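Going by Swiss-Prot, these are the annotated features:
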| type | residues | note |
| --- | --- | --- |
| BINDING | S10, G11, S12, I13, G36, K37, N38, N120, E122, G201 | NADPH binding site |
| BINDING | K121, S147, E148, S172, H195, S208, N213, K214, E217 | 1-deoxy-D-xylulose 5-phosphate binding site |
| BINDING | D146, E148, E217 | Mn(2+) binding site |
Amino acid sequence: MKNISLLGASGSIGTQTLDVLRSHPDQFRLVAFSVGKNIDYAVKVIQEFSPQIVSVQREEDVLKLQAVSGNTKIVYGSEGLLEVALHPDAEIVVNAVVGSVGLLPTLRAIEAKKTIGIANKETLVTAGHLVMEAARKHNVSLLPVDSEHSAIFQCLNGENEKRISRLIITASGGSFRDKTRDELHHVTVEDALRHPNWSMGSKITIDSATMMNKGLEVIEAHWLFGIPYEQIDVVLHKESIIHSMVEFEDRSVMAQLGSPDMRVPIQYALTYPDRLPLSDTKQLNLWEIGTLHFEKMNQERFRCLRFAYEAGKTGGSMPAVMNAANEVAVEAFLQKRIGFLTVEDLIEKAMNHHNVIARPSLEEILEIDAATRRFVMEQI
């Protein structure tokens, strides 16, 4: 029986993580979780899983939950999030929160020698050097939950990582993959939220449409697998059947395939190095699919992917700036305060405005994050 702490239980990854726990009650126990403002959902999860600690975002929601939570301790805010991440009984911490708020809980959980199931891209994007140093220092495993990084991780099982020639990350292309730049001037929030392959939260769905999501994954892959950016390629693959590939020195290429279902990589992170049945996910039927398609990525068409490569290669504090600018811009787009292509413009302005710090401390990263958010808000 593995004890799990889950950060971000009400989001897309969080709800699918609970599906996995539900499928294997003899293998996993939920000891703590966090939610934002979805209190009705939190009540249902408490009643089903009887965790010891639950964290909510707002202090005013604590009393509402305490009235129905029985023996479950209710905490709130950033301190509450840390309490969930550091639960003494938790062996695995699944970080499924969205945004840079996931950084500090990840670092503290690593210091507490918890195994980390990492679904929060922003943690490695903003502070990859700090996270990987901490993981090495405390001998902690970072197990990828993203389908692309899980695919690479599985392809590398038993392989000599020094023999890697390149990583090939696949991209569905998002909601607007078939639209021209001119057509993107007129797209709506509702258009952007209709992803062709995956069911995800609103922020990551917009990131998929701008291709920032893939850019974040490139930076994440750089840190997780220690591969230079020059050896990380992105290929457009509309079917989302091949989740990523690894090419080795001898030009052999290994790929991980499967139907688009996030529960597969989530469960693998929880069961690694073992595997368990996942019977209610669709079995891959290659003759039904028939043909798989691949296209070269156009970084002028998808400018956010170019920004991510530039930020990653520049290094230091630049990825944190790009990430903070993106979070503010995407939120403004979701609120219909800016157009779709303005997201790119705001990110570019923030990156051009920033003076890079080569090896920022945690405090400097948090300061830069806050300053960038203020700068972008002033531009809107």
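These residue numbers are counts, starting from 1, taken along the chain as shown.
Each residue, glycine too, has its Cβ placed from N, Cα and C.
Secondary structure at G36 (NADPH binding site), taken from DSSP and collapsed to helix, strand or coil, is coil.
Within the set of binding-site residues S10, S12, G36, the entry lying nearest in space to E148 (1-deoxy-D-xylulose 5-phosphate binding site) is S12 (CA atoms).
In this structure the C-alpha atoms belonging to G36 (NADPH binding site) and K121 (1-deoxy-D-xylulose 5-phosphate binding site) are separated by 18 Å. Sequence-ordered, the extra residues of this chain that approach the Mn(2+) site, with Cβ no more than 8 Å from the Cβ center of D146, E148, E217, are K121, P144, S147, H149, S150, I169, K214, E220, A221, S244. Closest in space to K121 (1-deoxy-D-xylulose 5-phosphate binding site), of the binding-site residues given as S10, S12, N38, is S12, taking the CA atom of each residue.
Using Cα positions, the member of the binding-site residues D146, N213, E217 nearest to S12 (NADPH binding site) is identified as D146. Considering only the binding-site residues S10, N38, E122, N213, E217, the residues lying within 10 A of D146 (Mn(2+) binding site) on a C-alpha to C-alpha basis are E217. Across the fold, the C-alpha of E217 (1-deoxy-D-xylulose 5-phosphate binding site) and the C-alpha of N38 (NADPH binding site) stand 28 Å from each other.
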